[in-house]
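J.: A single structure is presented below for examination.
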Amino acid sequence: MAKEKFERVKPHVNVGTIGHVDHGKTTLTAAISSVLTKTYGGTKRDFAQIDNAPEERERGITINTSHIEYDTPSRHYAHVDCPGHADYVKNMITGAAQMDGAILVVASTDGPMPQTREHILLSRQVGVPFIIVFMNKCDMVDDEELLELVEMEVRELLSEYDFPGDDLPVIQGSALKALEGEPEWEAKILELAEALDTYIPEPERAIDGAFILPIEDVFSIAGRGTVVTGRVERGIIKVGEEVEIVGIKDTTKSTCTGVEMFRKLLDEGRAGENCGVLLRGIKREDVERGQVLAAPGSITPHTTFKSEIYVLSKEEGGRHTPFFKGYRPQFYFRTTDVTGTIELPEGVEMVMPGDNVAMTVTLICPIAMDEGLRFAIREGGRTVGAGVVAEIVA
């Protein structure tokens with residue numbers, strides 16, 4: 001019998017390790033790589049390679065991140081691990097590493113610590129949909145009751161931030177022992193992989209979502225009408241379909257009468273493609289950059305929202321001085337800047353460069369938004385911060 005054909009089309013899932021400093025996130029990442037490549041094949045990455053995380057720049061923000069890949073029989077995973085706490089904050093807020101699920105690492109010798117809580121809060125704010133817990137260093141705890149106590153504590157903490165603490169998987173293991181090849185602890189890594197496969201649902205692909213295209217440019221073509229151009233962010237637009245133009249002004253409806261790419265007429269435009277969409281009955285002055293073209297009813301315009309933001313440090317080219325309430329920067333959504341005012345949390349008087357903070361923003365005109373939308377904060381065209389919409393207020 002011929003060997004089974006190598007399947008390249010496995011679903012792709014993005015995950016990452018989160019948790020308190022020195023609780024074993026990087027060791028666990030190395031252990032997953034080691035055990036899964038040993039079991040299912042692939043290229044192993046060792047601790048030193050993962051720990052020496054390369055520096056990346058995302059929207060001008062410097063982030064150190066390690067990316068590794070591994071396979072289970074049913075899926076392909078891309079996994080991110082960050083060396084420092086600040087890297088996690090930046091990564092999660094900018095969406096540089098979008099996670100379909102996170103592995104929360106808690107050392108059973110310590111239990112939940114301040115950054116454990118902070119990473120759970122960040123996960124809630126930025127919309128990480130699923131968390132699996134790996135209790136690490138269980139080889140160092142002899143007392144079964146102590147392990148139960150730590151597990152209970154972690155579950156309660158997750159419930160506090162609206163994750164299903166009672167129901168989510170908690171695996172008790174030892175990343176170091178698994179990495180050293182001890183079979184009973186290697187089995188725990190396979191149990192974790194099984195939890196990733198079963199607990200995190202297959203992510204919706206961009207093409208399967210409701211259609212949305214952030215408008216970058218507007219043209220008028222004599223005898224044909226108005227064309228808007230941009231890159232389709234999600235979904236598919238077909239000729240003849242109804243669309244809405246959302247944001248900045250009142251929402252208007254139109255019909256797509258043509259899709260073109262590189263001067264060729266097409267039947268449809270798909271997620272990831274740059275295309276022009278011809279709109280029926282729309283004047284050139286009715287549409288502007290910064291609005292979005294969307295499937296009717298799929299997205300609404302809003303002016304006030306709660307957000308989690310990271311303020312660039314001076315070294316990253318950000319502000320040199322703090323800002324206070326009443327600060328009025330521009331908020332850059334998708335393709336345009338909109339002025340807004342900020343409201344800081346109670347007890348917070350000022351925000352320093354390099355800080356992260358939750359704040360409420362009120363824009364001077366409405367923008368099409370969903371929770372989870374990323375934005376930049378700018379002053380005169382220079383980026384001074386990055387943020388994510390955590391909750392829509394109005």
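Placed from the backbone N, Cα and C atoms, the Cβ positions cover glycine too.
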J.: Identify the region 'G4' range according to Swiss-Prot, selecting from 44-47, 136-139, 232-235, 248-251.
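T.: Region 'G4', as annotated by Swiss-Prot, spans 136-139.
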J.: From 5-9, 60-64, 160-164, 260-264, which range did Swiss-Prot mark with region 'G2'?
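T.: When 5-9, 60-64, 160-164, 260-264 are checked in Swiss-Prot, region 'G2' belongs to 60-64.
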J.: Ranges 19-26, 267-274, 283-290: which does Swiss-Prot label region 'G1'?
T.: 19-26
J.: DSSP helix, strand and coil counts for the region 'G1' (19-26)?
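T.: Going through the region 'G1' (19-26) residue by residue, I get 2 helix, 1 strand, 5 coil.
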J.: Run through the region 'G4' (136-139) and tell me, per DSSP, how many residues are helix, strand and coil.
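T.: Counting residues by DSSP class gives 2 helix, 1 strand, 1 coil.
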J.: Over the span of the region 'G3' (81-84), count residues by DSSP class, listing helix, strand and coil in order.
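T.: Across the region 'G3' (81-84), DSSP assigns the residues as follows: 0 helix, 1 strand, 3 coil.
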J.: May I ask which of the stretches 19-26, 60-64, 81-84 has the most CB pairs under 8 A with the region 'G4' (136-139)?
T.: 19-26
J.: Roughly where does the region 'G4' (136-139) sit in mean pLDDT, to the nearest integer?
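T.: Averaging the confidence scores along the region 'G4' (136-139) gives 98.
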J.: Between T26 (Mg(2+) binding site) and C82 (GTP binding site), how many Å separate their Cα atoms?
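T.: The Cα atom of T26 (Mg(2+) binding site) is 8 Å away from the Cα atom of C82 (GTP binding site).
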